Amino acid sequence: APCRAPGSAGAVGMGWAAALALPRPAGPHHVGCADVMVGRTRQGLFFRLYYPCEPRAGAARPLWIPRAEYFEGLVDVGGRRRWWSAPLLRAAFGTFRVPLSWNSPFKRGSAKYPLIIFSHGLGAFRARRSLHPRSRRRRDRSASATYFCTGEPGEALREEWIPYGPVPPGEKEFYFRNKQLHQRADECARGLQLFEDISRGQAVPNVLHGAFDLSVLQGSIDMTKVAVMGHSFGGVTAVLATVKEPRFSCAVALDAWMFPLEHARYPDVSKPLLFINNEKFQTPESIARMKRLRSRNSETKSVTILGSVHHSQSDITFLTGKFEKLINRILTTRGTLNPHKVLGITCQAALAFLQRHLDLNEDFDQWDQLLDGIGDSVVADEPLCRSNL
C-alpha cells in the first residue's frame, strides 16, 4: 500500500538521544511480520515474511537488529574492530523496534493477495533492509551475518552462524560476487516455489520455535501475480531472478549494483524491469548496462530520484537524534531530499509499475507519470548533471 508516512515509531536506547523513526504502514491493512525457516541445512530457506494481519492489542514489535551477532556482522562489513564497535552499536541501537506486529494472526482478504519477493543489499540482513515486503536472508555470505539450524525432527535445534564473506585475497571481485548473485537469484526462485507449494496445500513446516504457521496462507496468495524486487546487490538479483524463474512477471530494482551480472545473461532478460535510481550512486558503466536492458524491452523503465543517495532507500536513513550526523558522515545515509519524500516517490513509482504488470485492481495508475520521470524531484533515466537539490 502507499507509504504516506503519517507517523513514526522509534525508541530511545540506554539514554542515548537517538531514535529509529520508521514511518508507520499507511495502507488499508495492519502489517504483521514473522521469521520463517524451512529446512535444516544450508540449502534451506530463511526469510522474514510481511503480511496483512488482524489488529491485536498489545502486539509485540520486532527489534530492528534482533541478535548480537548482527552487530558483529555489521562492523565486519564496515571494516571496524569488533571489540569496541559492536558493543557501541548495540548500546546505541539495540532497543530500536519496527512499527509492525510480530507473529500476529494472518488476515484473509476478499480476494487473493499478490506476492513480492525482496532481496536485500550486500551486507544487510532480513531485518535491516530496504522498505519493502518479504526479505530473503542470504547463506552465500553476502549478508552481514546469518545462520541456519540443524538437528533431526523432534530434537532441539542447533544454530550454525555464517559470517559475512569479503572477497578472498587474490580472487577477482566479479567472479566472487557473480557466484553469490546466482545463488541469490536461485533462492528467490525457490522462495516462489515454496509459496506455490503452500498454495497447493502441501505441508511446509516452519522449524523455528514458536513459529508462524505457513498453512494459514493456503488459498490466499495469487500465484499469477508475483514480482521480485531488491536494493543494490538485491536489485541486480531481482533482474537475474526473472531469467531463472519465468513466473516472475516483472522486477523492480532499487539503485541496482549491476556490476556482478555477466554480459552473456543480458539477452536472456525479457521481463519488464523498473530501475529506481538514486542520484549519487550510479556510475556511467552501470547506467549503460541499464540502457542496454531498456533497449530490449519498451516496458522497461528507468528513473532517478534527485537529491537522494544509495542509502535513501533503506531503513537506516530514518535514524534521528545525536547519531544521525555521525552515521551520515560514515555511511552517507541521507541526501538533500527529505527521506520521507524519497520513500514516497519510490513507493508510488513501484506501485504504479506493479499495477501495470501484475494487473492489480487498484488506483496506483494515478502515479503512472513517475514511470516516465515526470514529477517533483524525479527525472527519466539519469540526470545530465548534478541537481541543486
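Cβ atoms are placed via backbone N, Cα and C, with glycine included.
Because TrEMBL annotations are produced automatically, they should be read as predictions rather than curated entries.
Taken from TrEMBL, the feature active site, nucleophile applies to S232.
The active site, charge relay system annotation in TrEMBL covers D255 (among others). Cβ neighbours of D255 (active site, charge relay system) (same chain, under 8 Å, six or more residues apart in sequence): H231, S232, G235, I276, N277, N278, F281, Q282, H310, Q313.
TrEMBL lists H310 (among others) with the feature active site, charge relay system.
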Number of other Cβ atoms within 10 Å of the Cβ of H310 (active site, charge relay system) across all protein chains: 23
